[in-house]
Amino acid sequence: MSDFSWPKILDKLLNGNELTSEETNALMNAWLNQELAPVQTGAFLAAFRSKNVSGLELAAMAKVLRDACVFPFPVPDLYLVDTCGTGGDGADTFNISTAVAFLSASLGVKIAKHGNRSASGKVGSADVLEGVGIRLDTPIENVVTALDKTGISFLFAPIWHSSLVNLAPLRKTLGVRTVFNLLGPLVNPFRPSAQVLGVATSELLDPIAQALKYLGLKRAVVVHGAGGLDEASLEGSNQVRFLKDGEISSSEIDITDLGLTPASNNQLKGGDLSKNEAIFMSVLKGNATKPQMEVVALNTALVLWASGLEEDLSQGVEMALNSLKSGNGLKKLLELKEFLGPKN
């Protein structure tokens, strides 16, 4: 099994010790090359869950998966930003980060959104985008062209990461969240320069921020929202890690300092696919409820900071709200459909 010792790796994990980058790399390559039996894969997934994965381990795993993805074209030479969450917050909100992607693109941010269907029976970014007319299995060259022409594109994860598709049956059998739930947001094939990434627990703030640093991102915002949201929330103070020029700083964002109105996370709830589609479209049209509009503006301000287009979060919120009310998010969706719509 290449040059690594499975018993040694498993022993370190079960004892709660951190793997080196080399050990993590060897483990992931053995898995990718189908050198691990299903029981061994299940064992390392369970071990990582019990010991809490480190930023170094996450980055090493992400690099292997990113290098293995299907990508027959050069990575676009643009300052790209991705926006997503790890999921798992149990809040059942509407697709906030997906709406944020289109609003951010309307403000000039180059967005490469990497996403998937929901694994939990809820509504993922891919589900809602397919519902409003984005073709998920569009040819890869169209995805690249769309980014160049419109400033936004959507990368449906299974098209680019066939190895993760093969993992799906085991993850379903295990029935619990694993390290792969954290890796999805870290393996965007376009290798963005910046990212806004929401996490469902505060314990993930530091390892995710460290992983993004090790992956070489220029800027990133990792946020754990008030009330346990994996987005910045209107419910109270949001815990944040800012990554800039290789340095990670901790902060809290009080939404009242940004001129926003406090609101319960219950006011952000989605529902089934049709309800989530309706909320998503009403946000992009600029006629959603105030909490729905303001939570999208808040998270868009974080994207504007990550992109370097606006350092002041309060200014970013104002820019986002003005663009929302003008229906610019919808215009950006319609532009993308020209390249990723059903006719393509």
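Yeah, the Cβs are placed from backbone N, Cα and C, and that goes for glycine too.
Feature list (source: Swiss-Prot):
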BINDING   Gly85, Asn116  anthranilate 1 binding site
BINDING   Gly85, 88-89, Thr93, 95-98, 113-121, Ser125  5-phospho-alpha-D-ribose 1-diphosphate binding site
BINDING   Ser97, Glu231  Mg(2+) 1 binding site
BINDING   Arg171  anthranilate 2 binding site
BINDING   Asp230, Glu231  Mg(2+) 2 binding site
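For the binding-site residues Thr93, Asn116, counting C-beta atoms within 10 A of each C-beta gives the highest total at Thr93. Sparsest Cβ environment among the binding-site residues Asp230, Glu231 (other Cβ atoms counted within 10 Å): Asp230.
Using Cα positions, the member of the binding-site residues Gly85, Asp230, Glu231 nearest to Arg117 (5-phospho-alpha-D-ribose 1-diphosphate binding site) is identified as Gly85.
The sparsest Cβ neighbourhood within 10 Å, among the listed binding-site residues (His114, Arg117), is found at Arg117.
His114 (5-phospho-alpha-D-ribose 1-diphosphate binding site) is 16 Å away from Glu231 (Mg(2+) 1 binding site) when you measure Cα to Cα.
Ser97 (5-phospho-alpha-D-ribose 1-diphosphate binding site) is surrounded by 25 other CB atoms, counting those within 10 A of its CB over all protein chains shown.
The Cβ of Gly85 (anthranilate 1 binding site) lies under 8 Å from the Cβ of Ser97, Pro185, Leu197, Gly198, Val199, Ala200, Asp230, Glu231, each on the same chain and at least six residues away in sequence. Distance from the CA of Thr93 (5-phospho-alpha-D-ribose 1-diphosphate binding site) to the CA of Asn116 (anthranilate 1 binding site) is 16 Å.
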